[in-house]
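Here is what TrEMBL records for this protein:
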REGION    1-21  region 'Disordered'
COMPBIAS  8-21  compositional bias 'Low complexity'
DNA_BIND  40-79  DNA-binding region
DOMAIN    104-204  domain 'CoA-binding'
BINDING   GLY114, ILE115, GLY116, ASN117, LEU118, GLY119  NAD(+) binding site
REGION    240-265  region 'Disordered'
Amino acid sequence: MTPDADNAPTAEMPAVEATAEPEAVRAKSIPEAAVARLAVYLRVLSGLAEQGATTISSEELSQAAGVNSAKLRKDLSYLGSYGTRGVGYDVQVLVSQIERILGLTRKHKVAVVGIGNLGHALANYGGFPGRGFPVEALFDLDPDLVGVPVGGLPVSHLDEIPKVCAERQISIGVIATPPTAAQSVCDRLVAGGVQCILNFAPVVLQVPAHIEVRKVDLAVELQILSFHVARRADLAANGNGGADGGPGGAENGSVNGHGNGMVVR
């Protein structure tokens, strides 16, 4: 049986202050899968707010986010937000609530370690600061890179990680190094007071219990997609034209409820 992501270990969310909702919103334990969807809702709502939208129905938001409306309403209930019947949700209020529950009411300074192709791309990406994640430090081992500005920031040597991260109050470290260097880099980041690590290196990091690590392995993601391509090809060869799991659609994830078979994972 496939585990239900919504019943997986939860992430402790910070307290949410009362907004226009009638009830004060308190700290809650939200499933990791719901946290990921809240981030998607925030992206959609922020775009709508920029276009001048003031309200949105659960059906409209669920369609834009690619998730069924029942799951969306459950996710938003963690915020204490149930919307208004016949009107929907206030876009600005919902944006504010999600930002607070995701801890986005303050900036989180980021350090990128490993200024290769991926590191360069991350350092030069202009979308991070606007979302509350300014890149404040860059590190590499290559003497030809140390001291060279990338994205407006000079690259520092790996040995400087603990000192620079502590001085600049870096809270998130991004590891974009070869796998052989990742653990050493991780140890330096932790020594510098970094609380969360986004790891692009294909290796499992050993960290203290209080450090949060998110792993992004692009090769694994491609292998998962390869599995689905192969399975669909097998289904087609056997005369079964349904989506994954047969006529009912996907056997994992959440079908968005609008008949197009889109799955949110």
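Positions of Cβ are set from backbone N, Cα and C atoms, glycine also.
Because TrEMBL annotations are produced automatically, they should be read as predictions rather than curated entries.
Since this is a predicted model, take the numbers as computed values, not measurements.
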*Would you mind checking how many other C-beta atoms are within 10 angstroms of the C-beta on ILE115 (NAD(+) binding site)?*
25
_Shell of the NAD(+) site beyond GLY114, ILE115, GLY116, ASN117, LEU118, GLY119, same chain only (C-beta within 8 angstroms of their C-beta centre)_ = VAL112, HIS120, ALA121, LEU122, ASP140, ALA176, THR177
*Looking at Cβ-Cβ distances, which residues of the chain lie under 8 angstroms from GLY119 (NAD(+) binding site) while being 6 or more apart from it?*
VAL112, VAL113, LEU138, ASP140, VAL150, VAL174, ALA176
_Long-range Cβ environment of LEU118 (NAD(+) binding site), under 8 Å and at least 6 residues apart_ = ALA176, PHE200
*Fewest other Cβ atoms within 10 Å: which of the binding-site residues GLY114, GLY116 wins that one? Let me know.*
GLY116
*List the helix, strand and coil residue totals of the DNA-binding region (40-79) as derived from DSSP.*
28 helix, 2 strand, 10 coil
*Number of Cβ atoms other than its own within 10 Å, given for ASN117 (NAD(+) binding site)*: 9
